[in-house]
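Structure, as structure tokens:
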Amino acid sequence: MSNNKKLTSLFGAPVSDRENSMTAGPRGPLVMQDWYFLEQMAHFDREVIPERRMHAKGSGAFGTFTVTNDITQYTSASIFSEVGKQTEMFARFSTVAGERGAADAERDIRGFALKFYTDEGNWDLVGNNTPVFFFRDPKLFASLNHAVKRDPRTNMRSAQNNWDFWTSLPEALHQVTILMSDRGIPKGYRNMHGFGSHTYSMYNDKGERVWVKFHHRTQQGIENLQPDEAAKIIADDRESSQRDLFEAIENKDYPKWKTYIQVMTEEQARNHKDNPFDLTKVWYKGDYPLIEVGEWELNRNPDNYFQDVEQAAFAPTNIVPGIDFSPDKMLQGRLFSYGDAQRYRLGVNHWQIPVNQPKGVGVENICPFSRDGQMRILDNNQGGGTHYYPNSDGSFEDQPEFKKPGLKVEGEAYEYDFRQDDDNYFEQPGRLFRLQSKEQQERIFENTANEMQGTTLEVQHRHIRHCYKADSEYGKGVARALGVDINDVDLEIKD
């Protein structure tokens, strides 16, 4: 059935022949004046944009966030201003280490990025399906990427590189334990929790600040894959999580998550046993219980994957009044890295791409000072109005009513060794290990041994030592699974 759409060039000229190039005679060479061939091939040569350095393989969908509980005592953010208020949103889930062609069912951390189109601007909440991370200083970001990506000589993923890096950082054990557990391979994106991971802050209309962590709990139930199940799925379908999410939404089986916060006062933070801004640790729910905030569902698939998912740009600098940052060093590092990566990948005007536009405010109502740059098209480039400040016509006036409360800091600017401040690497992973059933613990041992195939004895000993310091049974179990005599491991080396 024809839709009667006639082929044109990019600039609207009719195309007379889609299949046959212009040649000098029926068997002669091409001629350069075949403008449609040149246009088509030149565009094709540039179709692929740089993939994300991490989180390259992803899936996304649009949805709606609904406030279900009053938290205005903590925040003045308009998105949370009243129970029942709804805000449009976009979510992108991803694997982390693999490239765009990687399989969805690999053992890996999963990215969990949310964009809320609030009436005060876009709010991006960028996190993972784990509440912690491998380290707590952003200077190690590039090294993590190199360690989990392809080896520069073999161009293959290297267990040795991966585990050598992880085990060189004793604080990584918490994240590694989660990754080697059943939750290391979610069945699909619909069946996993999400976390903002970092510590953020909220402040209310009185300027009172609290520290918060965000949690998103799946309403579909947690479901994970065992390695043999994952291997069978990968053999048949490398897009298993994408397919599951897309088909569920197409079938109107809309996935839902409930959002919660943990709240810590500034006084509690000052007296907290550990650094409350340390991304390698959690806040125990018994001390800081979950407070329900809202629920969101994903109910619309993108019409075009490239336009909406591949070009979606998230950055933790996209916040709204009532929500702010914290001294979390990893968050501080991401404040630069994410936006800078998007400017490289998509261009300085990526905010004009439909999925990134501040829809809750309305593009016609924004007044950015930035002008020009490649592909500036959306807002008439601010027209012929004033393009400097200060000025006499009132353009680009500040909005002082949105000033944030001050944050008291102390100490000299210095490259402090965080290990001198906190070397409590093993308490939380040990506690996590003991929360597992015996069967779950055995699977951690087996998964660890499988993933460590090809690593040196030095690296294996290092990991066994860390596990033993978290819990002696943890270390013994990993040693047994690796076929290592634990008596050969020096368990007394200080990490």
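Glycine too: its Cβ is placed from the backbone N, Cα and C atoms.
Feature annotation from Swiss-Prot assigns region 'Disordered' to 1-25. Here Swiss-Prot flags H55, N128 as active site, drawing on sequence analysis. The heme binding site annotation in Swiss-Prot covers Y338.
Known features from Swiss-Prot, placed on the structure.
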| residue | record | Cβ within 10 Å |
| --- | --- | --- |
| H55 | active site | 22 |
| N128 | active site | 24 |
| Y338 | heme binding site | 19 |
Practice task
Going by DSSP, give the three-state secondary structure for the residue listed as 'heme binding site'.
Solution key: helix
Problem - Inter-residue Cα distance where the pair is the residue listed as 'heme binding site' and H55 (active site), in Å - result: 12
Handout entry: Sequence-remote partners of the region 'Disordered' (1-25) [C-beta within less than 8 Å, at least six residues beyond its ends]
Key = 31, 33-37, 39, 43
Completion exercise
Integer Å value for the Cα distance linking N128 (active site) with Y338 (heme binding site) is 14
Fill in the blank from the handout: Using DSSP three-state counts, the residues of the region 'Disordered' (1-25) come to 0 helix, 3 strand, 22 coil
